[in-house]
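J.: Pulled these features from TrEMBL for this protein:
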type     : residues : note
TRANSMEM : 30-55    : transmembrane segment
DOMAIN   : 30-545   : domain 'Major facilitator superfamily (MFS) profile'
TRANSMEM : 67-86    : transmembrane segment
TRANSMEM : 98-117   : transmembrane segment
TRANSMEM : 123-145  : transmembrane segment
TRANSMEM : 157-179  : transmembrane segment
TRANSMEM : 185-207  : transmembrane segment
TRANSMEM : 278-300  : transmembrane segment
TRANSMEM : 306-333  : transmembrane segment
TRANSMEM : 345-365  : transmembrane segment
TRANSMEM : 452-478  : transmembrane segment
TRANSMEM : 490-511  : transmembrane segment
TRANSMEM : 523-541  : transmembrane segment
């Protein structure tokens, strides 16, 4: 969801959408073909969370080096930042269709590289390539759909891109589960991403360029031919005239503020209204990432293992909850965002996020404090050569628990009678892991057996359902409404880059934070950052529901203040404000 993200549409628009596409199926063909770009985005976000479990098993270096795990995950985000920026240039120079085709080629090649990777560094290269494709596709797909859709159903059709993003995430977890028993596991998981990219490439070859881009390049006849396939015959001339007026106004704005990117950015920050819009837009985009959502999307099975579920397949199955609830939340958002407003939905979402992050933190801390003890007898059962080296030399070995063992970069082999009884602290190697499994025991490396495990998974689900309807979708809607028209492109780009950069910081640091602070301490840190973010949202982000763009501009020009901090005269200006 880079530029444009998830659009919103009301119930009337969805009804009209079904009526229109029933009469003109070509429109849905355009939207679904381009929307596969959203599916690629969602699939890549979700698939790495499961694949990482098996990559760790195949490569000892990855298993032992947290920074390498973080790099494998986050390099796709780094690639997406570059891809989004480069994709904007390709969109303007060669068109939306070419940008989508190019994204498919890069994504497919990246998927193949990951699938055949002999070393971890090759996986990293593949992740960068996939990220480039994701960045290009995620900003181009909504743009193509919006420009090739009738205005009256545009929001509903662009929403298909949002559905396909969350649908792609859910699909990735199902694919992960399907390949858990297959030889090569993670290679199939990552390589399967090339299939939808190939399908989209074939479909897009038979589809036209965006009529808006063609008209802007003075290819009027080609633009007319496409409009004739989208609109009824009696509407084509009116749409062509509207397109002409829009493109001419856009060119006039470019002449007024300059065409160079640096010129546009400097102009945006010099303009008081635009600057205040950027404060709000960047705030919600950065907050969206710093509530920790992508730690869940990228590391969900690992977090489930932190909660005490050692089995990879069980961790993947339970992780389906997060993906499914994320998809449900996006539907809830579309139903309520125009009824209750953007600001109110975000504030209530943040309150829920903070609450469940704090409770999650307490649960993980309690689980750590009540971790099973390490038994010297159980450990000796496997022999001195199998024992954790630091346990052998520890002066306080009698006080060691499972959590102490894991912090020493060793593994905890559970008691044969019960997982919560004292177990063995062993060296974490594939051979010793096999010895533990051979005795029908469970080998824990990421988290300890705990009675709090299912509670943690439930709270994780509640965190997702608090996030998705509000902070999951609304920041993109706010960014589509809060900037003056002539600055919307450059400001949307600045806010999108801030979102990707925040995503990169969170995904690159999460596992290191859990090593330093523990899972409980890390969630508590996110709760603190979320509280600060809520404060910024409360003071900087106005309500834009139901306002014309000119009204939003006037609101920002006067300077926004929350209701509690307004004087009596100011309150009369904000009758549309709901919170």
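Any Cβ shown, glycine's included, is placed from N, Cα and C.
Are these features on the surface or tucked inside, and what are their neighbours?
T.: Nonlocal intrachain contacts for the transmembrane segment (98-117), taken as residues 6+ away from its ends with a CB within less than 8 angstroms of a stretch CB, comprise 34, 37, 40, 83, 87, 90-91, 123, 125-134, 136-137, 140-141, 144, 187-188, 190-194, 197-198, 200-201, 204-205, 209.
Sequence-distant contacts of the transmembrane segment (278-300) (same chain, six or more residues past either end, CB-CB distance under 8 Å): 45-46, 48-49, 52, 73, 169, 268-269, 319, 322-323, 326, 346, 350, 353, 357, 460, 463-464, 467, 471-472, 474-475, 478-479, 482-483, 491-492, 494-496, 498-499, 502-503, 505-507, 510-511, 522-523, 526, 529-530, 533-534, 536-537, 540-542, 560.
Within the chain carrying the transmembrane segment (306-333), a Cβ under 8 angstroms from the stretch's Cβ atoms is held by residues 6, 8, 46, 49-50, 53-54, 162-163, 166-167, 169-170, 172-174, 176-177, 180, 296-297, 300, 345, 364, 367, 442-450, 452-453, 456-457, 460-461, 464-465, 467-470, 472-474, 514, 519, all 6 or more beyond its ends.
Remote same-chain partners of the transmembrane segment (345-365), defined as residues 6 or more beyond its termini with a Cβ less than 8 Å from a stretch Cβ, comprise 284, 287, 291-292, 306-307, 333, 336-337, 452, 455-456, 459-460, 462-463, 465-467, 469-472, 474-475, 478, 518-521, 523-524, 526-527, 530-531, 533-534, 537-538, 541, 579.
Same-chain residues lying 6 or more positions outside the transmembrane segment (490-511) and placing a CB less than 8 Å from one of its CB atoms are 2-4, 66-67, 69-71, 73-74, 77-78, 80-81, 84-85, 88, 135, 139, 261, 264-265, 268, 274, 277-278, 281-282, 285-286, 288-290, 292, 294-295, 298-299, 302, 475, 479-480, 483, 522.
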J.: Grab the pLDDT values for the domain 'Major facilitator superfamily (MFS) profile' (30-545) and give me their mean, rounded.
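T.: 85, rounded to a whole number.
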J.: Any contact between the transmembrane segment (185-207) and the transmembrane segment (30-55), i.e. 3 or more CB pairs below 8 Å with pairs at least 6 residues apart?
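T.: They do touch: at least three Cβ pairs between the two stretches lie under 8 Å.
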J.: Among 30-55, 123-145, 523-541, point out the range having the most Cβ pairs under 8 angstroms from the transmembrane segment (67-86).
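T.: Ranking 30-55, 123-145, 523-541 by Cβ pairs under 8 Å to the transmembrane segment (67-86) puts 123-145 first.
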J.: Which sequence positions outside the transmembrane segment (523-541), separated from its termini by at least 6 residues, show Cβ-Cβ distances below 8 Å to it?
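T.: Here the qualifying positions are 276, 279-280, 283-284, 286-287, 290-292, 295, 342-343, 346-347, 350-351, 353-354, 357-358, 360-361, 364, 478, 513, 517, 560, 562.
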J.: Going along the chain, which residues at least six beyond the ends of the transmembrane segment (123-145) come within the CB cut-off of under 8 Å?
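T.: Beyond its ends, the transmembrane segment (123-145) has Cβ neighbours at 1-5, 7, 30-31, 34-38, 40-41, 44, 48, 55, 71-73, 75-88, 90-91, 96-97, 99-100, 102-115, 117, 154, 157-158, 160-161, 190, 193, 197, 210, 496, 500.
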